[in-house]
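Asker: According to Swiss-Prot, the ATP binding site annotation covers G636, G637, G638, C639, N640, G641, K642, T643, on the basis of sequence analysis. Annotated domain 'SF3 helicase' per Swiss-Prot: 607-775, in sequence order, evidence recorded as sequence analysis.
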Amino acid sequence: MREESWEDHDTIQLTAQRKYLAEVQALETLLTRELSVFLTEPGSKKTNIINRITGKTYALPSTELLRLYEHLEQCRKQGALMYFLERQGTYSGLMLDYDLKLNTNAAPPLEPPALSRLCHRIFVHIKNSSVLPEGSHKIHFFFTLKPEVVQGKYGFHVLIPGLKLAASTKKSIIGSLQHDATVQKILHEQGVANPESCLDPHSASVPSLLYGSSKLNHKPYQLKTGFELVFDSSDPDYIPIHQIKNIESYNLVSELSLTNEQGSLVRPVYCAADIAAEKEEEIPTEDHSLSILMLHDPEARYLHKILNLLPPEYYVEYPLWSNVVFALANTSANYRPLAEWFSQKCPEKWNTGGKEKLEQLWNDASRHTEKKITKRSIMYWAHKHAPQQYKEIVEQGYFSILAEYVYSYNGILEHYMIAKVIYAMMGNKFVVDVDSNGKYVWFEFVLPGQPMNQGEIWKWRKEVNPDELHIYISENFSRVMDRITEHIKYHLSQPHETNILNYYKKLLKAFERSKSKIFNDSFKKGVIRQAEFLFRQRSFIQTLDTNPHLLGVGNGVLSIETIPAKLINHFHEYPIHQYTHICYVPFNPENPWTKLLLNALQDIIPELDARLWIMFYLSTAIFRGLKEALMLLWLGGGCNGKTFLMRLVAMVLGDHYASKLNISLLTSYRETAEKPNSAFMRLKGRGYGYFEETNKSEVLNTSRLKEMVNPGDVTARELNQKQESFQMTATMVAASNYNFIIDTTDHGTWRRLRHYRSKVKFCHNPDPNNSYEKKEDPRFIHEYIMDPNCQNAFFSILVYFWEKLQKEYNGQIKKVFCPTIESETEAYRKSQDTLHRFITERIVESPSAETVYNLSEVVTAYAEWYNANINVKRHIALELSQELENSVLEKYLQWSPNKTRILKGCRILHKFETLQPGESYIGVSTTGTLLNTPICEPKNKWWEWSPNPSAPPEKEASAPTP
């Protein structure tokens, strides 16, 4: 059998002693029922007793103090653990705290002769620093020693409880003792390596432990001996001293108290002092708040040990230190004492504004959601730097939590107790939240080495049932229980009294019955049900995948927030659930698959500016935030590669980030508000959506079109689900073999559309004289599009163009110069929008024109033009006026003084009339466009060219070949 560490014994024994020690039970009854009326607020100057176990403070009168001392003495004699302090008041006894560094690992002898000499030297300084009262007085000295040497460190206390001194007098005595050569010689003879600096200067006023009490996770000091010194003012040179006999017959808690005035052995001796100069010490609430936290919070004890594993750079270097502070603050607001303790590990920084910086960071943590790191990161850092020590601490933490339940409930374990330990074991790996249907849903953070689907690594995987927890309870949890059995059997092997041994026998018997339950299916299901409440993280589902700059990829998480993109293939705290199976690899134009795809893009889109614009546009599909309000309409008669390209984008991004959309979403009337629309819900959270395979002459629903393209919130719902609000974030492409019909003159709709017409056709036997006919390669459709190497390469191309768009155009598609698409879009609009055709053909911008047209004149001119060139029809003037106000003429329309709309700075042309100097057509000119002539390629690497109207690409001697 092995004995657990003292720290484990400390926390477990506190629980156990309440069961088998009647004295401890009586003490708790006294504190909770009778002395509770004397409770004080933390920090109160009335306080004289502090209970470190509960953090409660008391102002006890002398009679109640004696009762408390009696109970504490009985508990001490039974070996109970206690954590009581007394506050040194205005006048109280003297305590000297010696912290020794030894030359060896052996405890110093500290025999009575040496201690007697030390008493004499201390009394000399007392006489010199205070005014002793007249008459004969007995002054008692007690020496309490640290139980053992720890790594060459030792200590002892000198208690002089009867001599009542002011704090300033104590400080004076301590100050002079620090420089006493005789005292230093005595200590040096005892093997002390630091005799000149071993006396703690702060012992004059800090709260002092009552005898038998200790600091958390430390053994109490033990009484070595006591001396009685007699001083008579009539004969000050004769100072006899002798060792106290039968010292254990007294109530030592009472006799060694610095504030007690009613001892049987020790009587108070008051020394005169300047009372006006005295200032009562403050009760150091912060000094013991960490101890209280660790007593009551097992996780805090656990984190304290984990933080101790972090190397110095984590509390010296600001970025790492701030991460630790954020992690503690985001884990629990109660962990401020841990943050302060950790920060004080670097005294230089703490003493130069460290406390103020901590205060600021702690307050910022709740506001800065972008830095939402928690204790999970602390665990990762500790495991990274000290894996073996981390493993030992983690295992010990599980043991302590389980042991507390075993000892508190006499060996009987129920579902919640097991769930609590499982939460400590797996709380960093599993999360539970409630979905929109009110059901508890499990999520598991997937790590390397466990079974998974491609792409799940380093992400939160949704679990129907946490099967790993079921297995873990039976196979791993049993090992923790075996340690409890070992711990109980160890105590049974010790020479305890009969009542204590009987307690451990009953405990072991009950615990063995509980152990077998972890192999029972129904019991484990009960544990899992209770675990749902512990693992619950509210709104966790709502936080998943909310960062638009993060994409789950096959080999981790890709961050596109910075340039270049960063692959996160290690532990992180980003709540990512969705993913694509594609692995991210940096763009490499020399990669054979990348070369193949770059050449294919060159064939599919022969115009360089259009090719670059379309790739920039498609690259925005990897970003799921708000985008520019655009939609690409791609016209092609078939066998031109547009479908291959659109499907490849969708396959690369996967179903979580991309979706093929039903064309009826664009062509049908909008459903009523109360009806579901699953097709529309396919756009929720997607970065990419595409339409294809339309019938001839499909008419687009312009109101739906604007809703889908405009950035902002929309509402819809799935079948049998509640209405949801979400943002439109998809990059959308609509492909067709026929032109869409867009029956609107609204400029707000048209300015959101871009149109491109395919020129190339892939044929079995291409005409060698036709540069727009290319040799078809069925492998692109049947093999390459499914090949992971091809998909990985294309994903790297998308990321490359995304980075290029951010660096060179500030992420704005509209800044990319593309005369081909601009002119084709203009031509397409003219074919659909007769009002726009009229404006661009008959109205010119003329800054020097003096003529001002009433809007009614423009309406008349359009009606005449329409009847002459399109078809004879009856026009409604009011409708035409509204259409003109929403057209491209909007910026030229002004209000006249009589509140009518006028057209200014323009001129309406008559038939066959030409432009005058300084005039220009409104809209994009299609004269001499590149509709039928491909731009020649720049030499070598087309993807490196940046479209710029003032810097045309360097041209090759001839048009590109397939």
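Cβ atoms here come from the backbone N, Cα and C positions, even for glycine.
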Asker: Cβ within 8 angstroms of the Cβ centroid of G636, G637, G638, C639, N640, G641, K642, T643: which residues besides those meet this for the ATP site?
Answerer: N737, S758, K761, F762
Asker: Can you tell which of the binding-site residues (G636, G638, N640, G641) has the fewest other C-beta atoms within 10 angstroms of its C-beta?
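Answerer: Looking at the binding-site residues G636, G638, N640, G641, the Cβ with the fewest others within 10 Å is that of G638.
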Asker: Please give me the CB contact count at 10 A for G637 (ATP binding site), counting all chains in the structure.
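Answerer: Result for G637 (ATP binding site): 11 other Cβ atoms within 10 Å.
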Asker: Going by DSSP, is N640 (ATP binding site) sitting in a helix, a strand, or coil?
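Answerer: DSSP assigns N640 (ATP binding site) to coil.
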Asker: Over all shown protein chains, what is the count of other CB atoms within 10 A of the CB belonging to K642 (ATP binding site)?
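Answerer: For K642 (ATP binding site), the 10 Å Cβ neighbour count is 24.
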Asker: With every protein chain in view, what's the tally of Cβ atoms within 10 Å of the Cβ of T643 (ATP binding site), excluding that atom itself?
Answerer: 17
